[in-house]
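Working notes for the structure below.
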Amino acid sequence: MLNAKRIHFIGIAGTGMSALAYICVERGYEVSGSDIQENISTIRLKSKGVKIYKGHNPENVNNVDLVVISSAIPPDNEEYVYAKERNIPILHRSDLLADLTKEKKSIIVGGAHGKTTTTSMIALVLENNKIDPTILVGGELEDIGGNAKLGNGEYLVAEGDESDGSILKLDPYILVITNIDNDHLDYYKSLEKIKDTFLKVIEKVPKGGFAVLNLDCENVRDIIRKIKNKEYYTYGFSNADFKADNIVLNLSGSEFDVYFRNEKLGRVKLRVPGKHNILNSLSAIAVSKILGLDFETTTKALERFQGVQRRIQLKGIIEDDILVFDDYGHHPTEIKATLETLRLYNRRLVVVFQPHRYTRTYFLSKEIAEALSLGDVIILTEIYSAGEKPIPGVSSKNIYDEIREKYPNLEVYLVDNIIEAASKAKSILKKGDLLLTLGAGNVWKVGEALLARGRKDANLEYSQ
């Protein structure tokens, strides 16, 4: 795979980076990595013999043959600068993943939302059908004990990252597109350019391979009209090749009949809630069916699937029967899907939302406010920058002002940081409420603090 023995990952705690590091370890490379934080992924890598450095230091990249970076690593990172000055080869993580996708028949999942859940479902289906795939997923998948697995089979299952266009580097044998939305506009500038990118990825699917496309997404339908000489299948709730019907939604999941071109394949049960997860499962069923895998084995795998961390995850219950949920959603479409699903509980919905990135807040503050209006009480904390530089005039107050103007009856609070958010949540929660921490940053710490010590005596003096 690589002409190197010792590989160093800058930012190894990231989901994509830690998964690649794990695969490299399993393939016999000597791996090290650095990050400003540790998490469950770095703990797992340590147990595999990976040297993890806390913080960044040029000394960390001494005596390595290759440095791997992601788009989150700034050009002035001291390890990155040191490697460049000494001509140590530097590889972007997308190029490393691209190398892997060339070695196997790769199933790549792309789209604005639902990538991690869909990738996990497909991986679990292949695992249960004894395909033994290599897996790289953007979350913790209990069945493989983490976010990566090196398999001996001919297939690889992974997420494709469209945020910076790097999905175009991958070579999918099977391509799943969950949806297309107006995200990452700081990079693409327009929705049309996003659609063009996905169309180009479809064009890379080789003869014998195929695409699986969400027909319920208008933007996906737009690119379907432009597909030429490629095999593809659609899924959705309407006139798709793979269709869900006779749907029953409940708090613990859903049930539905699945049809392939009007032929009933059978009834499916899911243990993850929400109509969006029905769509995710349909794409996994489509991949399974077209590959000729056993339908009953596939549906049993999907019924066992309990989700991945930070996707409508029930973290626990605190005093006064208050449910604590956490979700990674940060785009308006994701926020809406999560809140609509949690509305099934018929409880007062208290949402602690941490906006993700200044650029996304700049482009989508109105849409975020509209999505959050599905809650009963909203607590807005500071923007999680994800390494971005601040934009003058852009803050959580943009969303706050939108809510106050458009939804004057909605109870909304603006706080400066995570500690204040936890304190505010503690003070306003009532018996029988549902608390949701929402965002791609560290907002989950609010729920953790309340769960650790109880609502009334929570010690909120934890690090941010």
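Including glycine, each Cβ sits where the backbone N, Cα and C put it.
From a predicted model like this one, the values you see are computed outputs, not experimental measurements.
So that you can see what the record holds, here are the features copied from Swiss-Prot:
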BINDING   G111, A112, H113, G114, K115, T116, T117  ATP binding site
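Figure note: comparing Cβ neighbours within 10 Å for the binding-site residues H113, K115, the maximum is reached by K115. Non-local neighbourhood of A112 (ATP binding site): E162, T178, N179, I180, D181, D183, H331, T333, each in the same chain, at least six residues away, with C-beta under 8 Å from its C-beta. DSSP assigns G111 (ATP binding site) to coil in the three-state reduction, placing it in neither a helix nor a strand. When the binding-site residues T116, T117 are scored by other C-beta atoms within 10 Å, T117 scores highest.
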